[in-house]
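Take a look at what TrEMBL says about it:
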- A:28-257: domain 'ABC transmembrane type-2' (DOMAIN)
- A:29-49: transmembrane segment (TRANSMEM)
- A:61-82: transmembrane segment (TRANSMEM)
- A:109-137: transmembrane segment (TRANSMEM)
- A:149-170: transmembrane segment (TRANSMEM)
- A:176-197: transmembrane segment (TRANSMEM)
- A:234-254: transmembrane segment (TRANSMEM)
Amino acid sequence: MNQRLETWRRYRVTFQTILKKEILRFLRIWVQTILPSVITTSLYFVIFGRLIGERIGMMDGFAYLDFIVPGLVLMGVITNAYSNVVSSFYSSKFSRYIEELLVSPAPNWVILAGYVGGGVARGLVVGGAVMLIAVFFTDIRIHDPLTMLLIGVLTATLFSLGGFINAIYANSFDDISIVPTFVLTPLTYLGGVFYSIELLPEFWQTVSLANPVLYMVNAFRHGLLGVSDIPLSVAFGMILLFILMLTVYSLYLLRRGVGIKT
Amino acid sequence: MFALDVQHLTKIYRGGFHALKGIDLQVAEGDFFALLGPNGAGKSTFIGIISSLVNKTTGQVSVFGHDLDHDPEGVKSCIGLVPQEFNFNLFLPVIEVVLNQAGYYGLPRHEARIRAERYLRQLDLWDRRDTEMRRLSGGMKRRLMIARALVHEPRLLILDEPTAGVDIEIRRSMWSFLRELNQQGTTIILTTHYLEEAESLCRNIAIIDDGRIAERTSVAALLQRLHTETFVLNLKGRVSELPQLGGFVLQALDDCTLEVEMNREHTINGLFEALSRNGIEVISLRNKQNRLERLFLELVDRQNAEAGV
């Protein structure tokens, strides 16, 4: 029993070490990691919200500026969670200091949890900063804080896992920018950040249902505003399913040593 | 129990390159062991497999009784690795590199701080603890890799060319540090291109060539096999004509320098007596070539000849 407790204590220390290292990393370079998202989303609020939004009118019963707040917050969470893990893990591969972890007795699931934890932390820091900015531009009242927080954490977890898998396969710094540019950004923009899918023709509404970001944005919008194009249970189910799939795949890649061992 | 017990270890890389072709090797607990071999012989692959950086193809590896296949965490807990190439986050301060490594091994923070200070002091890096890695010299980085590998106090320390590119003074101080560590009970496996290093530090030796163990013996036994030794003598005066000395082969390198090849049956005292009888005075002498280096080359040449290379 003592042996088992000692093992779990060791895992906890390892997890805390990786997590702390990851958080210090993005805080140390906050001008590169946090500030750009804050500035970009502030511009979205000014341009799409104040200038163009007032001409668009109401959407789902809310002022357009209020309607896009959940999507903008979640966009910050998604891109930052993803890019934190992909850049950090790939850098550790590129400079070979991933070997510090590989020679240690840290189990793969603890390594994965540490990196994902770092991605979630950055996603939530940026998401929180965007929410604070939103307070200056809107008079939103949070409808369901627990749902909002849960969706924020789960979304950050999912995209951190995505970033981890991207980093494992990446062989150059180009490889870590391809997915965010050509996959992540289109999925986010087409995931209902700026519009309700009810505005789309029926065919495109059906196509949109294949986009996982749609479920997150809508569930988050439910937490913030109380409206959603998708039932909340379906949204949670989809996100959890994707998290499970990516976790299993990440652990499989780590066990095989793909991209990190020869 | 062996510190390291390797049976039938093979490694075939993707693409078909056969890096290890069935290595069997045992290293006793407390040994200071040298692993030698030419470039591309398989030394780094061998060390990579033991330290879990390279996947083996077949074979068994056991470290202090922990099997790599069934108890990888046990194996890793016993090993400290000093790799050949720098593998740091260059933007971290020295102390954080060591503390992080301690954390990966599950050491509580207060214990990690005590050990980090101890090893950084022993390796003359404590004053640099807040310096970013990228601002350290090559020698400092090498010493830091040793401090980092020791922070969890491993029973087996593996050093892959630890003194490459390090000046003589630092190399000597690292040698004395490693000797002390070995005397305190840490088993050490060392690969090096400085064969003088292996001769000076290690008790036992294995030579890997072309993915196989070409030789496994003690350093003393290996050196016994040398039949001749060659010395270079600096003379006090000029020598116009070389004398004929039985058992010694003399060659003038210039007017004041002699090269003498002597059979192991003879002694240096005998050489000096013979030279004195011929009116030749010696100011100083040195070995022409590191003894182990010569044996190493002979062994590798013999292997290549047998393989028809």
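Positions of Cβ are set from backbone N, Cα and C atoms, glycine also.
Automatic prediction, not curation, is the source of TrEMBL annotations.
I'm curious about the neighbourhood of these features; can you describe it?
If you look at the transmembrane segment (A:29-49), the same-chain residues 6 or more away from its ends with a CB under 8 A from one of its CBs are 64-65, 68, 72-73, 75-76, 79-80, 84, 122, 125-126, 129-130, 133-134, 137-138, 194.
Distant neighbours of the transmembrane segment (A:176-197): 48, 59-60, 67-68, 71-72, 74-75, 78-79, 82-83, 86-87, 90, 159, 162, 166-167, 170, 204-205, 208, 211-214, 216-218, 229; these residues of the same chain sit at least 6 beyond its ends, with a Cβ under 8 Å from one of its Cβ atoms.
Residues 108-109, 111-112, 150-151, 154-155, 157-158, 161-162, 164-165, 168, 212, 215-216, 218-219, 222, 228, 260 of the same chain sit 6 or more residues outside the transmembrane segment (A:234-254) yet have a Cβ under 8 Å from a Cβ within it.
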Please report, as numbers and ranges, the same-chain residues at least 6 past the borders of the transmembrane segment (A:61-82) whose CB is under 8 Å from any CB of it.
33-34, 37, 41, 44-45, 48-50, 52-54, 119-120, 122-127, 129-131, 134, 137-138, 140, 151-152, 155-157, 159-160, 162-163, 166, 179-180, 184-185, 188, 191-194, 196, 213, 216-217, 220-221, 223-225, 227
